[in-house]
Amino acid sequence: MKELIEKQKFTGLSAAEVEEINAEISHYEDKSAVSIEALKIVQKYRGWVSDECLIAAAELLDMSPAQLEGVATFYNLIYRQPVGKTVIHYCNSVTCWMLGAEKVRQRLCEHLHVELGEMSDDGAYTVLPIVCLGACDHAPVVMVGKELCLDVIENTVSEILGR
Amino acid sequence: MATIEIDGKHYEAQDGQSLLAVCLSFGLNLPYFCWHPAMGSVGACRQCAVLQYQNPEDKRGRLVMACMTPVADAMRISIEAVPASQFRRENIELLMINHPHDCPVCEEGGECHLQDMTEMSGHTFRRYRGQKRTHANQYLGPFINHEMNRCIACYRCVRFYDDYAGGNDLQVFGMHNNVYFGRFEEGALENEFSGNLVEVCPTGVFTDRTFSAHYARKWDLQTAPSVCIHCGLGCNTAPGERYGQLRRIINRYNGEVNGYFLCDRGRFGYGFVNSPERIREPLLDGRSEITPQAAVNYLDNLCQTAKGVIGIGSPRASLEANFALRTLVGEENFFLGLNDIEHTLLSTIFNILRNCGIHTPSLREIEQADAVLIMGEDVTHTAPRLALSLRQSARNATFDLARSLKIAPWQDAAVRELKTQIKTPIFIASVCATRLDDIATDTFHGSPEDIARLGFAIAHRLDDQAPAPELMSDAENSLATAIAAELKQAKCPLIVSGTSCASIAVIQSAYNIAKALPSKDKQLTFTVPECNSLGLAIMGGGRLRQAFERINEGVADSVIVLENDLYRRAHSQTVDLFLQSAAHVVVMDSLRNKTAEQSELLLPTATFAESEGTLVNNEGRAQRYFPVYAVSEPVRGSWQWLTSAMEDSEWRHHDDLTAACAQAFPDLAAIAQVAPGAAYRFKGSKIPRQPERYSGRAAMFANINVREPAPPQDLETPFSFSMEGVTAQVPPALLPVIRAPGWNSNQAVNQFEEGVEGHLRGGDPGMRLIEASGNLAWFNDIPSAFKAEEGQWRIMPLPHIFGSEELSLHSAPIAERRPAPKILLNPLDAQALGVVNGDRLEISRSMETAIATLPVQIETTLPRGLLGVPAILPENQQINNPERVTLKKVAAEAENKPEIFL
Amino acid sequence: MENLDKPLTRNIRPDRGFATLADYENTGGYQGLRKAVTELQPKEVQQWVKDSGLRGRGGAGFGTGLKWSLVPMGDADSDNPHQIRYVIVNADEMEPGTFKDRLLMEKDPHQLIEGIIITAYAVQSHIAYIFLRGEYHLSARRLETALQEARAKGYLGEHILNSEFNLEIHLHTSAGRYICGEETALINALEGKRANPRAKPPHPVVSGLWGRPTVINNVETLCNVPHIINYGVQWYKELGLSAATGTKLFGASGRVKRPGLWELPMGTPIRDILEEHAGGMQDGYKLRGFLPGGASTDFLLPEHLDVAADFDAVAKVGSRLGTGTMIILDDKTCPVQMVLNLEEFFAQESCGWCTPCRDGLPWTVTLLRDIIKGRGRMEDLDTLAGLVRMMGPGNTFCALAPGAMEPLQSALKYFREDFERYIVGNKTLLEAG
Ligand SMILES: Cc1cc2nc3c(=O)[nH]c(=O)nc-3n(C[C@H](O)[C@H](O)[C@H](O)COP(=O)(O)O)c2cc1C
Ligand code: SF4
Ligand code: FES
């Protein structure tokens, strides 16, 4: 799977990507303001932002690749390395930590046979820590893709993944 | 004015200034990192903390960052108070957590701002027990080393490189304590001012790669004040030498000229001084058996006996050397060594500067302009440091807005965040895209004629007395109207032009515009190609063509060529014929070149680093450079060769020559006051070129002779080749090195300025020779519009910062950055010729054989009918406007390297 | 009119999904807007909000009406850059332990939108941005839908409710990083830059987004605005129990019986919140202390339970009301490890701009880790105290680092023996989880 991702030849941003990025541009006083949105749009289609995509997006926004990379590397939700199809974010902030986040992490990693940040062999999952997901009254909390999973206690991990 | 109290002492300061700047200008030791005198405050490093008391009763005070605090009347602060000094000590401790302990092998060592500030803050004991974070380094090209582990994240590099110098390939990546300053990928830093990172970075992250190749500590370098010889702006430099080798060049502050910054050509172009191409001994007919004395006798004899001796001067030689030659051969036999176009351009410029009554600004004044029009120049390539100043003037509209919002101009980030539609109007009319286009409000691309016509049209719109061109297009007319309107509104408009598009009309139109401007404070400046171009123009003399005629017509039979490669100035055949026709050819130069090869007698001359002299920059500022180290016989300064050949001359010393030159030309009268003469003594002694910690003096030549040699004597300047004496309070023109107690880096300059970013105490070096007076009439020669002709192209040499200047090209790092030879073509022309990027075209002069075959690069901004050729080869220099050529596509199989056969 | 004592959450019921536009309109929604644009001058709206005593719910508690009144209003038709003004909603909620804005956006998005429109009217801004944290996917969906509905109904867009007032609202979803919640860093993020904070002054109300005057308010703050306009200043003031006005979302997480979020009058005693609403501690756990308003507030102890939950009262006992969502430290959780978790968060989220925070927080983490691993030394506690002093308010470029130091500073004060126990060798008996 990893090899597969690397092998896909880059032929420029897709028409859909360019269109979505251009639509965002109209919301701001200046083109480069869209940098973060542009990266997120690319990521929506491709899962992560490769060097080629970053260079192409920079060109679209009249920025240098270095300028866009400076932005990309600041934010933690922009992936500059391949990640699994679904990213599992487990909250490791204070309340979740107190109520068992570490065990949740262990279970997730064991279950998927990955270390944090790695892609599972089938390319389906990557587990990453995330800061407080704003659901502390239901700690510990995990976000699978875009879905928030509440009150995750360790023995429901496989259940979450089944969803 | 405000009275402020610092640690119980009272000081007078300007209201609203940054407190840090003010403290530094009082000579107080307050450490800082992120602040920079030219770049203002951002409050990132937190090193400049002081205690501020709210009122006279307040005993506790609160910490404030001095750099972010505006001075106000009755302000009471303490630098020394324990909470402040403790905070600064602990802040340094934090900065040092990840900083490696590699000072002994770090090239910044001994002139490191971080070392200085660490000492100043009193952090001496390390409490941190964890691991240090490490980074990988990048290859950044031939100029700059990268050692990221030394980074203290002050953000000055990106603030200089991006915000100040307009680069975009050096950025900051990552966040928290893992910020990385570098490029997207390895490769040469693209910006032409990258070398300043060496001085802007307070640690050893960015160091001078050319210096690494032959490194020595700052305290081991012998230094003297110098002037950059690589363009006409005359930036002040401080070259350093050890073991008879020039090791590096750093900036020497001059408040009116270069301020804190140099361009990369000026900083890294010095390698020619150490080049194996240097001429080291006199050669007679190519053989080295002639002694210096015999050479002098030969020269003397030649002048006595030859049928006629003419002298060809040089815009890259000092006033004194040119004047000595002129004296030796006689005024009527002295030629400036400029071809017709150069000669006419320079005398036109001199005439305008001298007689037009419009102020020619210094670079500092240029930064104040509130509207700019650039006529025909890509200044980044022709007068690089000027481009950096224009970049600052581009911000003036924003500064005005900031003022109206009560944001101090030194609040750097806050001012830059004011992104509005208001921009300083900057217009660039040029042959094709320039490196300043990103700050331009509008650009115009055309042939020199069309640029000049636009200029005349603008002048006419400003003042209907000014002649108007006929038959302008609607687009040109409306552009002219728009530019005129902006310039008219400006309080301090600036017109920039110069010699690089080789058009008198462009220069004259620039004058007409300046003349037509209503503002009292209008400014007009011209770039000139070489370090003493304007000096030569002031001195005056015959044209190169006339020199050729003298010999070819047999009026004279001998020629002395002073530091001038004539093959850069005229067609080879012409120069060949000339040199062959002369019975005796004497060439004086420092580097081998084609002219030198043709000499009967070749005299080895000292470079700027080994000799003294006066140069006049484009502003008309005369400046003196001094030998950094004693050159060994038989190499001598050109002026020395020449004066020793004048048997009955009274000029024994350089000062005599300078004085005589000043006396001979009213316009040069002030050159004698440029710097104190050789008799100057400070506290009874000469000024040492060597710092007081200069090491190894007793042993450094032990391999030659175990006895410590007596230092060479310097009879020509106020400097000694030794470490005895003091440098702290000498006149600015004689400051060899910037250093103060506790301040070992170049940042010590704040101890020498009248207020931060101000003039040097005692006045910035240099004397302005020309002040605006008089009033010239309108120029009326308006060229007709350029018309592209079927099958014919006009060659436009395009100067390049790395490659167009003769001497710097002999330094390998500069040569490495020279662009590849190529020809630029308009896309439609390329289409008509059936060529695409990378195809090769053969260039021929009409009716003649091919002169070059070069790959094509399509350039959308180049007008049709023009052919852009980077002026990076000696041969390109003599491709003269308005030469027309034909083009022929070369079959693919012939493909290989570019070939030039001129 | 129902549930006038819980204006913010009256449409939010556990038995219902979320409030639709119709639900919202049925309980008086968009009446405040109608009143504002048809009956009130912008300055009057500002004045009402000022008079209501509404203080920012983003953590700092700055007077909302006062903030608006600092916006230079400029001439209507001059070409001065102040002509363009922006309103930004700070919906970056990322402070650990804070979970109030998400609820407001997911469950009653129109309430926020109405608040934004009235705010924009009050400062005559024609473009507003919702700066939403990237992980709040459901909020994003609900807000997008609500924005479309509002546009369709004429609450948003050109000539709002047939008035002369126009407004466009754009939803910007962020790409992570806690520092984006700091208002000036948020502006940089919105401009597509690295989210380093900006120096103040100039304050955003004078020079904010692209140098234009910009009002930034928290989600909850703005949700109060429609009700103040709709029901009046007097009504709003009377909602509060103490001198403080209005209601506030209070929450509790940790080992309490019923972790959750409740809308209660400002000034409700902390004891009521923890014992009555959160149901007290879980069986087998005792209350050891609590962070009253998110991760960047000082610990308080059981002895502080009777303090009123309002900005001034909590400040008086040495902490901050912050976001009003409390994190409970029980007697089986090690306070040193809890502080380490918090400091790891802050060190990781430091933007890297200023020295004390960038390099001081990682050192803090190293020291705490060393202490917990049994490698600590007594003088490390002095070093930690020194770091707390160094990163005190005003010493760093923004308030992240001082916030980070609050739990550490109070832990060193209240739980010193827990630190010392590690150092002298008897490891803690407590374990997390
Ligand atoms: C590090 C840091 C993070 C912050 N995060 C948030 C946040 O997520 N949401 C928020 O509303 N305010 C946050 N704030 C406070 C904002 O800077 C600002 O004070 C607030 O948005 C103003 O709105 P208010 O007056 O309505 O409270 C944060 C402040 C700091 C220093
Ligand atoms: S305190 Fe300094 S480093 Fe930390 S987040 Fe604020 S500005 Fe960034
Ligand atoms: S110099 Fe003042 S904070 Fe850096």
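Using N, Cα and C of the backbone, Cβ positions are placed for all residues, glycine too.
Any TrEMBL annotation is an automated prediction that lacks curation.
Since we're looking at a predicted model, the values are computed, not measured.
What TrEMBL annotates here:
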BINDING   A:Cys91, A:Cys96, A:Cys132, A:Cys136  [2Fe-2S] cluster binding site
Conformational class of A:Cys136 ([2Fe-2S] cluster binding site) under the three-state DSSP mapping:
helix
For the binding-site residues A:Cys91, A:Cys132, A:Cys136, the one whose C-beta sees the most other C-beta atoms within 10 angstroms:
A:Cys136
Let me know how many other Cβ atoms fall within 10 Å of the Cβ of A:Cys96 ([2Fe-2S] cluster binding site).
31
On the three-state reduction of DSSP, what should I expect for A:Cys91 ([2Fe-2S] cluster binding site)?
strand
Using DSSP and three states only, what is A:Cys96 ([2Fe-2S] cluster binding site)?
helix
